[in-house]
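J.: Take a look at the following structure, please.
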């Protein structure tokens, strides 16, 4: 959430930001509500001052007529204060609701654009494999290797669910252990987070659990949701707390299941493991001071690049355009892995790294206390370490040979115990 005073003092910039983010929000209405709130606060303070003066007068020696007048004045002031307080709560609630519809401000380097097709490629790492045969996609490879059962998932749970089996299970566990060890060695504290969060916490992180376009599963009648990412549970971990500046940055690695409706997702690129309703993900999350957030954002992206380089997966980095940013993100990079099983081969998103500045911290009231005892909002950042289902796609499709065998990256062999996957189904 943006600071009210910042909005009031930067109306044109906020309006332009809403425009480039392709968001519908009435900035003028927000400013009007803010001005009303400021006026009401001033009036309320004046009424409270008058009430206190009247109370002091009541303590002095008064004749009956003067005391009766003070009593009437006190009663009238009490009624006016109660009315002003009710009105202030009403205006404050309207202001909060309207302001929460605003996205974060946008970094100057973020390209303008409306969708992921407008994202800007900034680098490539690794060389896509050059096959002498027509590469299979991960769905066909998984069938040959007998490591994923999509049909059983559909029968038991519905479309976009699946069973991992045999070496597929061991490969997922190997990726998890590789990722946890990698991050722990670099100062991250591992977490295994809940799969359910309160609706208020989900909203506080900037996710919308309601509406037809929401990707969040809500639990009927409980005001709780299945988490779509450990960003929710790690971001809410310090809600309402004041941290010590000397304890920052705090680096967390959260392992969780992720549940997503994937409303409206369709097409060949949504096939198989790419868009599913449940998957496992290892998420990086950071709390830091405002002065550290841009450098820490670069570090999260660098760690993602290290992970995918170690996994021998060719990838590119893109700067996400303004129209494709989620509301909390100030700046965001995506890593896209080469997926040769797509017709002709193409890039598919496998990670993101977002700097959300103090947008989420204001909504969840997460602050830190500096050396002078002053309190400030922290900056909060997140980045995908490993979205397991999508990593499996890239591993299978890039590591395949003409016979359907798949070579396992050396970084994973100590964790899974095998160097190749072999076909079981002819």
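Placed from the backbone N, Cα and C atoms, the Cβ positions cover glycine too.
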J.: Can you find which of 106, 110, 384 Swiss-Prot lists as binding L-serine at the same site as 229, 230, 231, 283?
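T.: Swiss-Prot lists 229, 230, 231, 283 binding L-serine, and from 106, 110, 384 it also lists 384.
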J.: Determine, using Cα-Cα distances only, which of these binding-site residues is closest to residue 276 (ATP binding site): 229, 231, 283, 384.
T.: 229
J.: Starting from the Cβ of residue 231 (L-serine binding site), draw a 10 Å sphere and report how many other Cβ atoms land inside it.
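T.: 30, counting other Cβ atoms within 10 Å of residue 231 (L-serine binding site).
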J.: Neighbour count, 10 Å Cβ-Cβ cut-off, for residue 230 (L-serine binding site): what number do you get?
T.: 29
J.: For L-serine, what surrounds 229, 230, 231, 283, 384 with a Cβ no more than 8 Å from their Cβ centroid?
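T.: These residues sit around the L-serine site: 232, 234, 254, 256, 258, 281, 282, 284, 285, 382.
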J.: Give the sequence-ordered list of residues that share a chain with residue 229 (L-serine binding site), lie 6 or more positions from it, and have CB atoms under 8 Å from its CB.
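T.: 256, 258, 281, 283, 382 - these are the non-local Cβ neighbours of residue 229 (L-serine binding site), listed in sequence order.
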J.: Let's check the environment of residue 260 (ATP binding site): how many other CB atoms sit within 10 Å of its CB?
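T.: Taking every protein chain into account, the count is 20.
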